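Undergrad: Here's a structure for you.
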Amino acid sequence: MLPRLGGPALPLLLPSLLLLLLLGAGGCGPGVRAEVLFRCPPCTPERLAACGPPPDAPCAELVREPGCGCCSVCARQEGEACGVYIPRCAQTLRCYPNPGSELPLKALVTGAGTCEKRRVGATPQQVADSEDDHSEGGLVENHVDGTMNMLGGSSAGRKPPKSGMKELAVFREKVNEQHRQMGKGAKHLSLEEPKKLRPPPARTPCQQELDQVLERISTMRLPDDRGPLEHLYSLHIPNCDKHGLYNLKQCKMSLNGQRGECWCVNPNTGKPIQGAPTIRGDPECHLFYNEQQENDGAHAQRVQ
């Protein structure tokens, strides 16, 4: 689904599959910049009351928390670290991966980006977009650039579509990319037998489930002006590894600034591992999977 992020579990799917929707996305290069606007739930009086006092340290600018948080935090200034899960850059800045980074998306996810002035090539419409970001409206835009190009994003000069359609298009492309990555193995034919076509390998259960999700996304419509996010949150996108098996850890999408719940599954069947917790964090699935394997082995020996 995604370019390689590092580690066998990350090449295809991040725990927050709606990464580009939850943090926004931009082109990484002069003249290319596309951003995703998405609608956050309104900040209720109860949520605002739970925020407590504003930061004690003097801030050049206050911004909302990452994601759809309602509380105020100090904006990151030029040269400071930035990323998906840490405070936003100030209004005139963008969060970029460091030049030459081999894993730019991973850098943004892990907070290893840097707040910089907007790079050359932004159009007047894009400047207007950045001004709207700090208004009191219901739209929130996180400026974290460097991911859209890797997912085949829009090119410079293309008229941006409506925000809801843009969200859905990015999401579809993200799942399509996972689909293509998992099918790469079947496309590399032997150089010695260029005319001999090999039958495609059988789809694994995880790949089949992904196919079904992709089909549902392709038929989604926008019935109103609320945008597609509420519909996307109801989907579970399977986290498949490069071999098409389920990754041990599966996670729901992040919502309202909170990490989604994660649980452990059998890599072959995708069924939950008994005894493993469901938590907002790392359930350390390898421990429960190893224990299950040992129990299954002991049971097999008793049967023999």
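The backbone N, Cα and C atoms fix where each Cβ goes, and this holds for glycine too.
Since we're looking at a predicted model, the values are computed, not measured.
Pulled from Swiss-Prot, these are the listed features:
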DISULFID  C40-C68  disulfide bond
DISULFID  C43-C70  disulfide bond
DISULFID  C51-C71  disulfide bond
DISULFID  C59-C74  disulfide bond
DISULFID  C82-C95  disulfide bond
DISULFID  C89-C115  disulfide bond
DISULFID  C206-C240  disulfide bond
DISULFID  C251-C262  disulfide bond
DISULFID  C264-C285  disulfide bond
DOMAIN    36-118  domain 'IGFBP N-terminal'
DOMAIN    203-285  domain 'Thyroglobulin type-1'
SIGNAL    1-34  signal peptide
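Give me the structural setting of these features: burial, nearby parts and distances.
TA: Mapped onto three states, the DSSP output places C43 (disulfide bond) in coil. The Cβ neighbour count for C43 (disulfide bond), using a 10 Å radius and every protein chain shown, is 16.
All chains included, 16 other C-beta atoms sit within 10 angstroms of the C-beta of C71 (disulfide bond). C71 (disulfide bond) carries neither a helix nor a strand DSSP state and counts as coil.
In the three-state DSSP scheme, C95 (disulfide bond) falls into the strand class.
Every protein chain shown contributes to the tally, and the Cβ of C115 (disulfide bond) ends up with 22 other Cβ atoms within 10 Å.
DSSP assigns C206 (disulfide bond) to a helix.
The secondary structure of C262 (disulfide bond), as reduced to three states from DSSP, is extended strand.
Cβ environment of C285 (disulfide bond): L248, K249, C264, V265, I273, A276 lie under 8 Å away, each six or more residues apart in the same chain.
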Undergrad: Using a 10 Å cut-off on Cβ-Cβ distances across all protein chains shown, tell me which of the disulfide-bonded residues (C68, C264) has the largest neighbour count.
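TA: Output for this query is C264.
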Undergrad: Relative to the Cβ position of C240 (disulfide bond), how many further Cβ atoms are located within 10 Å?
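TA: Its Cβ has 28 other Cβ atoms within 10 Å.
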Undergrad: Taking the Cβ of C262 (disulfide bond) as centre, how many other Cβ atoms lie within 10 Å?
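TA: Around C262 (disulfide bond), other Cβ atoms within 10 Å: 20.
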Undergrad: Quick one: average pLDDT across the domain 'IGFBP N-terminal' (36-118), no decimals.
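TA: Here the mean pLDDT over the domain 'IGFBP N-terminal' (36-118) amounts to 81.
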